[in-house]
Amino acid sequence: MSAKSVRTEMVRKVLAGASLCVPVLVVIISWWVWRDDLPTELASHWSGSGPADDAMAVGALLALNLGMTGVPAVAGVAISVWPGMSARARRGAYFFLGVFGGMGTVTWLLSAGLTMQVGDPYEVVLGAWVIVSFVAAGYGIIPFLIAPRPRLEATDVQGRIEFAPSAVGAWSQTITGNLFLWVAIGLIILGSVIYGPAVVAGRASDQIVGIAVIAVASVLVASFVRLRVTADWRGLRVVSAIFRIPLKRIRLEAIAVVEAAELRPAEWGGWGYRIMPGRSAVILRKGPGLIVTTKNEKQFAISLDDPETPAALLATLRDDNAAAPELPRESKR
């Protein structure tokens, strides 16, 4: 790793940690600006869409929200300079700290701002402002995106396959995901229990949205019950063997590294179809699997019984494709 890359990563870590200081600064600055206009008590709790049903002293609410925003700020700065933390764990910590910091800031701003407008804390109605609270939780995305992405560690498969002069390399395997089968069955049973009585009573139209959601979810999950994995001159393809729906395709020329490795669900976000920043996977069990790293530094993994064969085949086809001379294009007239 070059010195420039090291400096860039350090700058991004510092900026990500600094972004977690913004929520606590907003609380402090707003309190300083409003300090002469704040009433003695601020609305602090709502049980429904009506007025607030509880209030807190300004000092107590300020201290609470300083804690909600100050702790993430201190933790974020500490994480930025902690050398023993992986990039993936650091980004996850930044995200959750940002969520708490954003919620703490908005809680203070809404309680103080709305109470100053109304005067009586027990007459403050939160109304549509509750949406802002949920949006503020997304503040964690900011430090998450600023922080440096984890460097992918991949070792290209060593084996290669020798083809006969007229042979065309291709490999295919159909795998069964019992996990998806049981989830699909569970969804169907759940839908039958919840919406079955309405259908029998002729009131299905009243529950059409819920029925549609269960139906779509069941079809999506069922599409992963049987998967056909193919490796050939086109690259890697994963297709639903039940619905013939293409689920994943990686072109041969986009493959940078291909390897057969031991897949651990904890390292890929659990079992099932997993989507993470820069990574996706179909994890059916702990055990052997195929990992493909693309040239744009994205990874895809899938559980397979014999990953060495498709790994060696894809590596061979990729190398042969890269070594093949490019055919001259015909000149346009």
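First residue shown is number 1, and so on along the chain.
Each residue, glycine too, has its Cβ placed from N, Cα and C.
In TrEMBL, the annotation transmembrane segment applies to 94-114, one of the ranges 94-114, 241-261. Distant neighbours of the transmembrane segment (14-34): 62, 65-66, 69-70, 72-73, 75-77, 79-81, 94, 97-98, 101-102, 104-105, 108-109, 112, 116, 139, 142-144, 146-147; these residues of the same chain sit at least 6 beyond its ends, with a Cβ under 8 Å from one of its Cβ atoms. Listed by sequence, the residues of this chain that lie at least six past the ends of the transmembrane segment (208-227) yet keep a Cβ under 8 A from its Cβ atoms are 174-177, 180-181, 183-184, 187-188, 190-191, 194-195, 199, 238-243, 245, 247, 272-273, 282, 302.
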